[in-house]
Amino acid sequence: MEPKSKKVKQDIFNFPDGKDVPTTKEKAEAYVDALKAHPFYDNVHSVVDVYDSATLRDGKGRVIGVMLRKALPEHATTAASGLLSAAAVRTSLRSSMFGGESPLSGIAGYFDYRGSPVELKARKTAFTYEHEKKWPAVFPLVDYVSEIYKSVMPEHWAAQDSAIPDIVRIHGTPFSTLTINSRFRTASHTDAGDFDGGYSCIACIDGDFKGLALGFDDFHVNVPMQPRDVLVFDSHYFHSNSELEISCPTEEWRRLTCVFYYRSALGEPSSYAEYRRRLAAAQQDSTAQPVVSSVVEKPNGKNLYKPSTVFPIDPTPFAVVAQLHRLHHCAAKGLCVHELLAVPSSPLAVLLFGERLSCSDGIPLRAAEQKLKANADGASRGVTSSGGFSESDAVLTTAVEKSKYLERDHLSQCISAELLAMWVEARKHWLRLVATEWARMIATAPERTDFLWKNKSPMNTAFFDLCEVAKQVMLGLLDKETATPTEERHFWSVYAAHLHRACAERLMMPEEAMSLRKLNVKLKDFSFGGTRYFKDMPVEEQERRVARKASIEEARRRSTAAKDGEQRSNWLTNDAFDYQTEDCEVDYAGHGWAVPKQHAKTVTANVHQEAVAATTEAVRVLVVLPRPPSGDRGDAAVDLPKEVTTSAEWVRLMSSPAVRRVLAAKQRNLTLLPNCNVEAVSLNFAYHDSLPQKATFDFVVLQHVLSAMPEDAIATDYVSRMRSICTGCLFVVETDVQCRQYFTLHYPLRVQYDAVAPAFFQLLHRCSYGTPLARTRTKAEVEALFPFVCCARYKLQGSPMNTVVHLLALE
């Protein structure tokens, strides 16, 4: 009972409050300081976004990471996320990786606690200790990830498996520890405590979000991850998350990830000494039942706790082909083209994509003051306390997350049955009266969204009675007669969030009807002696309330007296040899689940251990351009509204020297270039409406063809037809109408950009391809056109047309 009570107490009484929130100046200084050591990297800093399963390699062919899409069974991620979501709590320990703010993060499994004020080292984490009976819910997830790791990186898995002490394994795997992150955009960092001889794994186990790709900062490669995806990677490379992609600050999203690793300090001599000390004590205790009779020490390798050496890569769109599992059949030919593209001053990129792969004087990047703080979603707003608790964003966000702890299932393990029954009945009574009042209000005004609180109504009386019960619940959780002001503020914020959620979810009221602010005002009434209307009540009612309050207090005191006689276990002082007491078998067959080893074999079937070499065979490439509507060059002198051409955003876009070169250059598709050979690569050119007949190509490049097709259905049909002529990868080259920094910008600035961007890119398309009114689309709109799997995106750096190359597998 104590572990659950301790967890509730920690979560309710230990989180940011208005008094604890630093000033705006202090937060700004902390943000700047954090970024010096751990900068954030946005999408604009990367060149490649890898969407599909792939093996990423560095400049010497060493594996950076292996990405596998939808590789985890849904039952495993669902079961694990249901338990592990509670492990991610506000912690200042990782604030340096979150711009100085406390992110939602936590650890589970076993941990060394080296350098920590925790006295007892090398043991179960508090989370696993307190959730030992439920801990097996994570075993299927851990088993599947381990077998996938073993399949794709067998030598590293074996080294890790040989080094990890058996008593700190999670369900027999080579993982000792899990790190759980919720809504946490990490700044650039390495995982210094992970075992040097192995790899770590990360899985997204729950979420509904866009963006937040895992980026390998030194390689300029992003890996967007979604639920059930797994990445086996060298965590000693610097990595971070790109920006969250939301359209407005109120947009709902969630993201829960889990990192699996062997914490190498658990295999050092000091940890083995701790294991043996505990085991010796257990063997002298007749009541103890250790699961092993001895501790076998293993070689732990040499762990330097330093970043891995970086051997840079010079990616091109064709090099990406060689990394993608789905395109392995054309990888060797892709590398042949890549090697020609990588030659300094090679004209091949312009022939294929219409421009160079990189441009140093393209559209200028944004100033820092034009961008949102990288941790904006987790940062707290200024405190505007107006009642029983602070209304800072940090407090309200945390309170909503913890409101579940006032449900019956949680409280039943923390307070007496008598006090719990009072809480349940008082809450039910108040909700019943709220429902009655709300039904009456919407009967006369169906569109109503605000709840009119009547201060002398039975509902108001029931609310204050519920507050009296809640106050005793709070004191029962604290095990004392009075709470500090800070403890009260913390509890009342959770209490209000709990009632707000109950009204929204159970009574189906609009979110704003029973708002947190409204409840806060009423809690202020309660804090002023119970209610400011008490003196106006009849004497009999006043006496009834006093007696009711006394009975609730007595129920809580009886609960406290009963608990004083119970033996309690405390994680901080737990010195037992309780390693592996949580372990048990998983009945995969009984549940009808795939056996992890066989499942891993299936989901890794397309993974190839050896790096591919470039072929010497002939490579056929077709470049398709939009046919110009006439033989005349596109007219740049098109009349545009003055409010567009004089806007700050238009002036900024037009200030680029690269943009001015596009406007002055010859139209790219007035005539077709003659077919030619560049070493082993045969280049063929065609207009979009006169493709070669009865010919097939290894690669086809559609150069801004879809922007000449305003109808989405026509564009999709055109892409579908490419299957008949392309045997390898289809490259779709298009403008992304949203700039690369779009989702980092302050929202008003996005509106200003949106007002001019379509006209700006239409102007460039008229000059470059003669397209009268190009249909420039957003990333999401372009990708929605594809009837095939989009495996990756290659972003031409500094491109004046914001050009992106999409790699499609024509399966």
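Glycine residues also receive a Cβ, built from the backbone N, Cα and C atoms like all the rest.
Feature annotations, reproduced from Swiss-Prot:
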| type | residues | note |
| --- | --- | --- |
| BINDING | His189, Asp191, His239 | Fe cation binding site |
| BINDING | Arg255 | 2-oxoglutarate binding site |
| REGION | 62-264 | region 'Thymine dioxygenase' |
| REGION | 392-561 | region 'DNA-binding JBP1 domain' |
| SITE | Asp525 | site 'Involved in J base recognition, conferring specificity towards J-DNA' |
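Feature map: Swiss-Prot annotations on the structure.
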residue : record                                                                      : Cβ within 10 Å
His189  : Fe cation binding site                                                      : 18
Asp191  : Fe cation binding site                                                      : 20
His239  : Fe cation binding site                                                      : 26
Arg255  : 2-oxoglutarate binding site                                                 : 24
Asp525  : site 'Involved in J base recognition, conferring specificity towards J-DNA' : 21
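Asp191 (Fe cation binding site) sits 20 Å from Arg255 (2-oxoglutarate binding site), counting Cα to Cα. Secondary structure at Asp191 (Fe cation binding site), taken from DSSP and collapsed to helix, strand or coil, is coil. Rounded to a whole number, the C-alpha distance linking His239 (Fe cation binding site) with Asp525 (site 'Involved in J base recognition, conferring specificity towards J-DNA') is 50 angstrom.
What surrounds the Fe cation site, by Cβ distance within 8 Å of the Cβ centroid and not counting His189, Asp191, His239, is the set Thr186, Ser188, Thr190, Ser235, His236, Tyr237, Phe238, Ser240 from the same chain. According to DSSP, Asp525 (site 'Involved in J base recognition, conferring specificity towards J-DNA') sits within a helical segment. Cα spacing between His189 (Fe cation binding site) and Asp525 (site 'Involved in J base recognition, conferring specificity towards J-DNA'): 48 Å, rounded to the nearest whole number. Under the three-state DSSP scheme, His239 (Fe cation binding site) falls in the strand class.
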